[in-house]
Amino acid sequence: MSSPLSQPPRSPFGGDEFVAAAVAVAAIGSILTWALTHRDQKLSWPGPNLALPEPTTQQRLDDPTSRRLPSTVTSNQLATSPPADRQMMPSSQQDAAASNPVGDDEVSEQRVNQSSSLFQESFEPISPPLTNLETRSLRVPSPALPQSTLSSDATSQSLEPIAFSDLPSDHWAKPAIDSLSAQRWLQGFPDGSFRPDAPITRAEFAAQIAQVFSELPLQSSTSITFQDVPETHWGQASIQRAVQAGFLRGYPGRTFRPNQPVSRAQLIVAVASGLDLEAEANTDVLLQPYQDRNQVPAWAIPSLVAAIRSGLVADAEQLNRLRPQAAATRAEVAAMLHQALVYMGRADPISPADAD
C-alpha cells in the first residue's frame, strides 16, 4: 500500500494578511509624510481647554531658536515699535517713563544692553516729548537790580573809551566818562566833543538813562503822549523809556519840557527814583556835613538823602556842597550814572589814583 503524497507546507500569510499589511504600511507612510510636512504647525486637540500653553516672553528670550527676527520685519517697524521693556511695563509706568526726561541717556544704555541679543542693529531712541514745559521748568525771578558785574560781563565786551576832543586827561570826571563811553553808553556830539561842563537837557538826560539802564525792568508799560514831544522828536523813544522805568516824570498839561536844563536836585531825585531807593527818615544827620543843606527843596530831601546814603553823590562829598539849584552838567550826570552802576554791582569803583 502506497502512502499518500505529502502536501507542501501552507504559508502562514494568506491573501487577507497581505492586504492588511499593505494597508498598514500605507497608513504609516501617510502619517510620516503628514508629520514631516506639518512639523512647524502647533499641535492642538479637540475639546475645550486642551490647547498647548503658549510659551512666555521669558521662555522665548531663553529659546535660542527664537532670537532671530523674521525676515519680514523691516527697520522702519523696529524704529517705530516700543522697546521690549516698555511693552512689558504697566500702563502707569509707561506714562511716567514718557513724561520724565531725566536720565534718558542712562535708560537708553540699559535698553541697548538688554536688547543686544535680540537686535543686530542699533537705533537711536526717540526722546519723549516734554509736556507742560512752563510748569516743569524752574525759573528764578529776575532781581530788581541786575547782579552782574562790569568786570565779568561788560568789561569783556567793552571797547576803548572815546577820545573826546574837549575832555582833558586831568578832568575830574574823565574816569567816569571813559567808563561809560567804553560801553558806548555815552556818544558825545557829532563834532567829536563831549561838552562836559555844558548843562544837560531833559531830553539828553533821558537818552543817557535809556542807554545806561536798558536792562532795568519797566515800572509801567503805559505809554504817555506828551504834547511837546512829537513822534518825530529825536529823543521820543528814550523819553518814553525813562518815564516808564520810573526815572523821569512829566509836567502838568502832559508836557515834558525836553529842552529844559536839569537841576542837580532833579538829577539826584531822578536816579534815586529809578533805582527805587528807600527814602530816609532821619535826614538831618546825613545832611549835616553839607554847607548848603538849607537850599534843598523839601520835595527832594528824602530821595536826596537816600542817594547820599547809597554813595551816588560822590562829587558833593568832596566839596561839602550839594548845589541843588544849580544846573547839572554833563560831567556831573556821567559821574552820578557811574556811581549808580557801582551801587548796582555793574561797575568798578573809581580809585583815588584814577581820579587824580
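Using the three backbone atoms N, Cα and C, a Cβ is placed for every residue, glycine included.
Automated prediction, rather than curation, is the source of TrEMBL annotations.
According to TrEMBL:
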COMPBIAS  68-80  compositional bias 'Polar residues'
COMPBIAS  110-120  compositional bias 'Polar residues'
DOMAIN    160-221  domain 'SLH'
DOMAIN    222-285  domain 'SLH'
DOMAIN    287-351  domain 'SLH'
REGION    43-133  region 'Disordered'
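According to DSSP, the secondary structure content of the domain 'SLH' (287-351) in residues is 37 helix, 2 strand, 26 coil. Computed over the domain 'SLH' (287-351), the whole-number mean pLDDT of the model equals 91.
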